[in-house]
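> Below are the structure tokens for one structure; questions will follow.
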Amino acid sequence: MAFLSDTLARVKPSQTIAVTNKARELAAAGRDVIGLGAGEPDFDTPDNIKAAAKRAIDAGRTKYTAVDGIPELKRAICEKFERENGLKYTPAQVTVGTGGKQILYNALVATLNPGDEVIIPAPYWVSYPDMVLLAGGTPVSVAAGMETGFKLTPEQLEAAITPRTKWFIFNSPSNPTGAAYTRAELAALCEVLMRHPQVWIMSDDMYEHLVFDDFDFTTPAQIEPGLYDRTLTCNGVSKAYCMTGWRIGYAAGPVELIRAMGTIQSQSTSNPCSIAQYAALEALSGPQEFLATNREAFQRRRDLVVSMLNEAKGVTCPNPEGAFYVYPDISGCIGKTSAGGAKITDDEAFASALLEETGVAVVFGAAFGLSPNFRISYATADEVLREACARIQAFCAGLS
């Protein structure tokens, strides 16, 4: 009898984590490495949020909490949804988990049966398909390439829906492309979904506050009230509030679903960290001005990276609307040989040779379901990005 489960054989480790770990190992060994794999802001958690956590510790708020979040945080989340998205929820419709990833996973485990399908536009966050597999469902990837701005069309969505479809995962702005759907584009998708009442919508809004050029962020339940009762609107404090290590995600949706997710959490991790919950409460309720300051920095970095990558031979880099990623196409590099003798057969070979020969760590596109591309996280200092892009330019210039 095999010791490891059949389920494990169907999933793979996160490639973004693998690339980040590889870069750290090389740096620890003395290599000059620039890691652009991690989707993590380089800015520190704001002082008022850290102070709230310290107050919670001093006040002895170090015990178990309610499984799916303290009441104060749930109320703050309700206020956030109404203030920023025009969505009204009660605390009973809100759940808090140990990061956005747990929120999504809880929902999938609570709802999927064998044979249930989940539509996932590609390129996608690396964890979506594997979480569906772990939950017993079937991921259905639909390619949304550069020709559509990395956005799913209504026609593609309609064609992908079957009687077995249970969820549609929607992520805007997107990881890995930074693409964000306009109000009109989202409305067109919602029109399709209104024709299929068996399909639920999982909206991953983690990058909501990271949109550029005065882009108007919208979310499905906000655009189409008719979808409110079958939409799980997911968010968290990791990206916008520079709190990736605090591990707090949250979602709002129908009470029956929220209760089911709470049951899953009660038998897995139980409550999120009590101190982190009080920090998240301050994040959502405290001063918000720094969001605009950070957004300006990310927009400046985006402009720098897009400009420099488009000067690299064989590379085409679209200009994303949000998040802190770019997803350049490297069709012009495939089939060539690097200065170090590496055959660039695909985007994984490109990323491997780039790391080995220049010390720049990126994530290859196949990990996100669409090739030939690679992802760069530009959530790091301008001078680091400038050096990394210069190395990429030199690497591409050396291909023959």
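Yeah, the Cβs are placed from backbone N, Cα and C, and that goes for glycine too.
Sharing the feature lines straight out of Swiss-Prot:
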- K12: site 'Important for prephenate aminotransferase activity' (SITE)
- G39, W125, N175, R375: L-aspartate binding site (BINDING)
- K239: N6-(pyridoxal phosphate)lysine (MOD_RES)
> Does DSSP put R375 (L-aspartate binding site) in a helix, in a strand, or in coil?
strand
> Report, as a single number, how many Cβ atoms besides its own are within 10 Å of the Cβ of N175 (L-aspartate binding site).
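Within a 10 Å radius of the Cβ of N175 (L-aspartate binding site) lie 26 other Cβ atoms.
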> Between C-alpha atoms, which of these binding-site residues comes nearest to the residue listed as 'N6-(pyridoxal phosphate)lysine': G39, W125, N175, R375?
G39
> Could you name the residues, excluding G39, W125, N175, R375, of the same chain that surround the L-aspartate site, i.e. Cβ within 8 Å of the Cβ centre of those residues, in sequence order?
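Other same-chain residues with Cβ inside the cutoff are T16, V126, S174, P176, A323, Y325, V363, F368, S377.
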> Just checking, which of K239, R375 (recorded positions) has the fewest C-beta atoms within 10 Å of its C-beta?
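Looking at the recorded positions K239, R375, the Cβ with the fewest others within 10 Å is that of K239.
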> Near W125 (L-aspartate binding site), which residues of its chain come within a Cβ-Cβ distance under 8 Å, counting only those 6 or more away in sequence?
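Correct list: N171, S174, N175, P176, D204, F368.
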> Could you state the whole-number distance in Å separating the C-alpha atoms of G39 (L-aspartate binding site) and K12 (site 'Important for prephenate aminotransferase activity')?
19
> Which is it, of K12, G39: the one of these recorded positions whose Cβ has the most other Cβ atoms within 10 Å?
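Max Cβ neighbours within 10 Å, all protein chains included: G39.
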> Could you round the CA separation between K12 (site 'Important for prephenate aminotransferase activity') and R375 (L-aspartate binding site) to a whole angstrom and send it over?
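Cα to Cα, K12 (site 'Important for prephenate aminotransferase activity') and R375 (L-aspartate binding site) are separated by 19 Å.
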> Give the maximum pairwise CA distance in Å, whole number, for the residues G39, W125, N175, R375 listed as binding L-aspartate.
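Max span of the L-aspartate binding residues, Cα based, is 11 Å.
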